[in-house]
Amino acid sequence: MERVASIMYLYPGNQEEYKKRHDELWPEMKEALKAHGAANYSIFLEEKTDTLFAYVEVEDKAIYDKIAETEICQKWWKYMAPIMKSNPNNSPVAVDLKEVFYLA
């Protein structure tokens, strides 16, 4: 498993809505994540800056990245775009993080 981490950014005032939408994550989106090899997926919020930290373990990063091509993922991005910084294609603005320490 490969560990993948990134940060994303909420627009101010959207912390509760972001959590609500993830509490109600569409079953089709859950299935797509699992089908693309995602496991142990967590998202944390730094409340003072509206910064999100996402961590996911993937079987194969290339396969995981293909989720972006799915209709359900693109629909999810469009649904989330009004509450977080997004790219022109509605994908979240995300900064990939480099792992600098790991303790098994």
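Quick reminder: no glycine exception, Cβ is built from N, Cα and C everywhere.
Database features, via Swiss-Prot:
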BINDING   Tyr18, Tyr41, Trp76, Trp77  substrate binding site
ACT_SITE  His22  active site, proton donor
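Mapped onto this structure are the features recorded in Swiss-Prot.
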residue: Tyr18; record: substrate binding site; DSSP (3 states): helix
residue: Tyr41; record: substrate binding site; DSSP (3 states): strand
residue: Trp76; record: substrate binding site; DSSP (3 states): helix
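If you take the C-beta of His22 (active site, proton donor) and look for same-chain residues 6 or more apart in sequence within under 8 angstroms, you find Ile43. Most buried of the binding-site residues Tyr18, Tyr41, Trp76, Trp77, judged by other Cβ atoms within 10 Å, is Trp76. Of the chain residues outside the substrate site list Tyr18, Tyr41, Trp76, Trp77, Arg21, His22, Leu25, Met29, Met80, Pro92 have their Cβ within 8 Å of the site's Cβ mean position.
Pairwise Cα distances among Tyr18, Tyr41, Trp76, Trp77, the recorded substrate-binding residues, top out at 17 Å.
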